[in-house]
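> Below are the structure tokens for one structure; questions will follow.
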Amino acid sequence: MAPPTHENEPAGEPSIPGRPGPETPQLEEPTTPREPLPAKRDQSGPEVYSPTGDPVDADPEVRAQTGPRLTTAQGLRLPDTDHSLKAGERGPVLLQDHHLREKVMHFDHERIPERVVHARGAAAHGVFRGYGTAAQVCKAGFLAKDAETPVFVRFSTVLGSRGSADTVRDTRGFATKFYTAEGTFDLVGNNIPVFFIQDAIKFPDIIHAGKPHPDREIPQAQSAHDTFWDFVSLHTEATHHTFWNMSDRGIPRSFRMMEGFGIHTFRLVNAQGDTTLVKFHWKPKAGVHSLMWEEAQIANGIDPDFHRRDLADAIEAGAYPEWELGIQTFPDTPEQTFEGIDLLDPTKIVPEEWAPVQPIGRMTLTANPSNFFDETEQVAFHPGHLVPGIDITDDPLLAGRLFSYLDTQISRLGGPNFAQIPINRTHAPVNDMLRDGMHQTAVHSGVAPYHPNSLDGGCPFQAGAAEGGYVEVPLEIASGARKVREQPASFDDHTTQTRRFWLSLTPVEREHVIAAYTFELSKCYEDTVKERNLRVLADIDPVLCTQVAAGLGMPAPDPSGPLPQLDPSPALSQLGGSWPTDGRVLGIVADENSDLAALASLRGAVLDGGMVPLVIAPHGGTLKSGGAAPVVVQRTFANARSIEFDALLVAGVPAQGDDAYGARDVKAGQGLGSGGTDPRVLHLLAEAYRHAKALGAWGGGGDVLSAAGCPAGVPGVIVDDDPHTVLDQVRTLLETHRVWDRFPPAPSVY
Ligand code: HDE
């Protein structure tokens, strides 16, 4: 066969596509930035396209496969996916059935390793809007006035496995990915402002101590066991964080009702290059609220997805969760302390009364993920994902995190290309010169993935210092420093701030702390572990120590020295304010004899008030009676449990005729008839009462409340003839979350 002709080619050696031929004029080495060459396909972010040139997913939002017909992974249409290929209908399955092997092979590999910590999580999309108030201290573009930035937030527990329950006593992760125009910024925080350890080298120790015992793999997602309490009593820098876990912060009512903290001190840089030290805070619009411990335990069994469901339901109902982002600012002095507090010590806070939290923007979560695995599971946060204007400090805990997150993500996400997974893709242009590796999805063009180059016209060029990131502030590193495995003496105080937290709590909150320590330590088998922890508590407060010791039936030790007099920090208490009731869940108990017209009108009023009404009835379907329109039932006496509701109302009977359920024709024990009220309803109401929840009833519903032991007149039990009056008063009670004065705490905790 004759060789092909290359009409336009110069004579001599044929050119290789993409490389200059021998006659091509010599390229000059580029020295100064100039207009770049037209963007290569991979310069606008990792893009999936076929090497034949056809975009595979023209729409970057397309995440699922498309097309009306079932296919193999190779696009072959399939007429049957329900039967393996067999030699005769009763014969052996044939190895040549590629569809069978591909389908089962893929299924076999659907699971990936779970996160080594924070495995259990739930997430949502939203938007962050800057107030512009940070401009004096930070040049980051996304903080500018009215700048809008898409965000993805993942909340998590720390200790439990992926399938563990939501409402365990634990710290909660609060990780936010800001997809800014200058690159991705991750604020990877927790709902507790301090951490167990001051140096990352101890992270494996605290996590090994908290995880289930290695021999029997129990208990799951709990700190109430010997190894955890053994470690925290031997390692007293964990005292402050442990105390926060034992406070109500360890059992949040909802992800929507948690504060978030960056914990470490960060360094902000403004347009003039001036630096300021800051701590980041998220403040929830709905207030900071918690479950009662008994509620949390019941929820673990009744609804292990309690927090996950709450977040998704609230967003679906349009009750969008909101937080304000704020900063505490401190002068960037060489000492890096504020009022004697070492800002590099992650076991310390700075009381808000000393350095107020200044709002710099607002985050609203507006959409649930469309695929849990693709988004919530595969998202990869990193505290080193920073943008110009935000920098790290020398907190030794933060330094270790900067190493750990990338490292763990390589094994969890199967290789180094996880930044190309849709949820992890930055919204800024990418031209990173990173190439190849497992699961590479971009088909890069160009021949010169190195810098400097001349073959790709010098592209990509480096940014100038003014517009680039990771431009270090040239701060002096301690002069005359030696290499040491030591920490400053300021890190040694482990109890003063814990004591301040205790003194800042209201009596009812203190009672909860005592109950939590008593519960957890009572689950330990070793007396020495309990004794050592009581010694730690003695150095926080004698009342705390004495009460816990009494609960354990052990002697209370004396403190190791005099305890300091400290001013409380009221901002640390969760009580004392009132908050919006958006998204709160009201259960309305009713049966066929209830006033269905009033019930329907009340449901409408609850919805208009931005809350969620759930009708609880003897059976599912609808309630029908007389001429009233049927009312749809959301829960039944068999599947409703009090923990799901923030308040409960009992419907009244119609005004005409008898005014009590007792005279109604219901089978004894199956409806609301007083004397014969279904025991599950009595349990539901009594449990809500015990958890200090608001209760209300109109008409004959008051009798049902009385039968459950919650008569009108006790705090937080509202009975009136007008259902709308009842609703108004219950809503007011909900603004403070619970009816706190129903059970005054014992005088011993004052
Ligand atoms: Fe993490 N942490 N962490 N952590 N952390 C991880 O990274 C680590 C710490 C936090 O929803 C891991 O991708 C070390 C403090 C959150 O995906 C891992 C140390 C704070 C999440 C890791 C800490 C956090 C993680 C596991 C001590 C609050 C979940 C999976 C130096 C400021 C992020 C992963 C998500 C996840 C390491 C301490 C928050 C192993 C070594 C302090 C919210 O890399």
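Backbone N, Cα and C define each Cβ position, glycine as well.
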> Out of 235-254, 555-574, let me know the one TrEMBL marks region 'Disordered'.
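Within the set 235-254, 555-574, TrEMBL attaches region 'Disordered' to 555-574.
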> With helix taken as DSSP H, G or I, strand as E or B and everything else coil, how many residues of the region 'Disordered' (555-574) land in each class?
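For the region 'Disordered' (555-574), the helix, strand and coil counts are 3 helix, 0 strand, 17 coil.
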> In the predicted model, what is the mean pLDDT computed over the domain 'Catalase core' (71-459)?
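Within the domain 'Catalase core' (71-459), the model's average pLDDT equals 96.
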> Can you count helix, strand and coil residues in the compositional bias 'Basic and acidic residues' (79-89) using DSSP?
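Going by DSSP assignments, the compositional bias 'Basic and acidic residues' (79-89) contains 0 helix, 1 strand, 10 coil.
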